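Colleague: Can you read through this structure? Questions will come right after.
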Amino acid sequence: MAQIQVQRQQAAATGAAAPPPPQSMPTQNGMAGGVATGPIPLGSTSLYVGDLDLNVSEAQLADLFGQVGQLVSIRVCRDQTTRRSLGYAYINFTNGQEAARALELLNFTPLNNSPIRIMYSHRDPSLRKSGAGNIYIKNLDKAIDHKALHDTFSAFGNILSCKVATDASGQSKGYGFVQFDTEEAAKNAIDKLNGMLINDKQVYVGPFLRKQERDSSTSNTRFNNVFVKNLSESTADEDLKNVFGEYGSITSAVVMRDGDGKSRCFGFVNFENADDAAKAVEALNGEKFDDKEWFVAKAQKKSEREQELKGRFEQSMKEAVDKYQGLNLYIKNLDDTISDEMLKEMFSEFGTVTSCKVVRDPSGVSKGSGFVAFATPEEASRAINEMNGKMIVSKPLYVAHAQRKEERRARLQAQFSQMRPVPMPPAVGPRMPMFPPGAPGLGQQFLYGQGPPAMIPTQ
């Protein structure tokens, strides 16, 4: 297990190391640090066992946990179709003391060379999904595993879950998650450990945010890192430092280069202060240097750029549709011999055709449909009235206003909903045989709800 040393930055700067946090300390219920502390939760006879090797069976878990106490049940959760293990299991003990002892003694025990992660099973997922007491830790040393992280944070309160993110080979990705049972414990851990040195690496400790929450707060986030592009090939790192240094203290400035050392004409500048970065973006974006107009903006992650570009594309599409609303016509059932010029000639008699195109596949063969745009809505309406249903080369044309895919789907759904028959309420009453007036012969009985011939109204 990695020996974690936590030092304050000030102590590290002076060369004096602060003492590491205690690896074991008494808690409310007498358990040692490194296991679940605090009061035993409701339903404490049931344990969740995660990070299981996919080959671990119920028999192996029974051998391991049976040494601690009497077991009621063991279930490795599996895929319903393939029956492959999902990597976690549930174990029930006869009493809470045995479950607590198993959590204390067996947590992070290697099973098939993979340390298992044990926590109390909470039937109510509201606490887990709420994110209350959940914190995120990044810039962790690669040597820190689940147990080392658990031992470090257990001094601040009862830990419900603790995990270091790993890749397929089991190597740490340098970040992890810890969930406490109270917000106070999580806040205390953030206040005490954020910015501290763990294994000589300064770590970030903060509240956990879901991806949707991170994306929604992206536009309001202050930034220190600035992206600049459209640089001349002669621009060097020092040039960026000189230009951007006028707006504040810079920690780094780099021009990106390819494998041959040739400039890729873009770079990044990192400021110490977020306000200085914002001032630099506002002042330098659009400015010309060496006859090149610079683009300067906040440095974005790939996901942020994709989200922004998607929003721009959707907005431009909406504007284009609004602009050509009532002007653009959709034509289908075209003969394969119809070309763009022939289509334009057919519709030009109704007004000014601004654009005209026959839709074709990659090999150039007509798909039998096309689009024609007019200068005014009146011209488009006149073309619909005259050309819809007209025979062109032995085929009747279908001509209508062009619609977006979403509008077309909504219209079709509305049509289908109107075409559905309204279900009749079932008849209430005993299914007794009924006979029409006139004494039917044998075998001519009628069921209740089926009117006799004499009672059917004429149409």
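Every residue, even glycine, has its Cβ placed from backbone N, Cα and C.
Keep in mind that TrEMBL annotations are predicted by a computer and have not been checked by a curator.
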Colleague: Region 'Disordered' per TrEMBL sits at which of 9-36, 261-288, 429-456?
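Modeller: Of 9-36, 261-288, 429-456, TrEMBL gives region 'Disordered' for 9-36.
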Colleague: So, by DSSP, how many helix, strand and coil residues make up the domain 'RRM' (224-301)?
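Modeller: The composition, in the requested order, is 22 helix, 30 strand, 26 coil.
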Colleague: Averaging the per-residue pLDDT over the domain 'RRM' (133-205), what integer do you get?
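Modeller: Looking only at the domain 'RRM' (133-205), pLDDT averages out to 88.
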Colleague: How does the domain 'RRM' (45-123) divide up by DSSP, counting helix, then strand, then coil residues?
Modeller: 19 helix, 30 strand, 30 coil
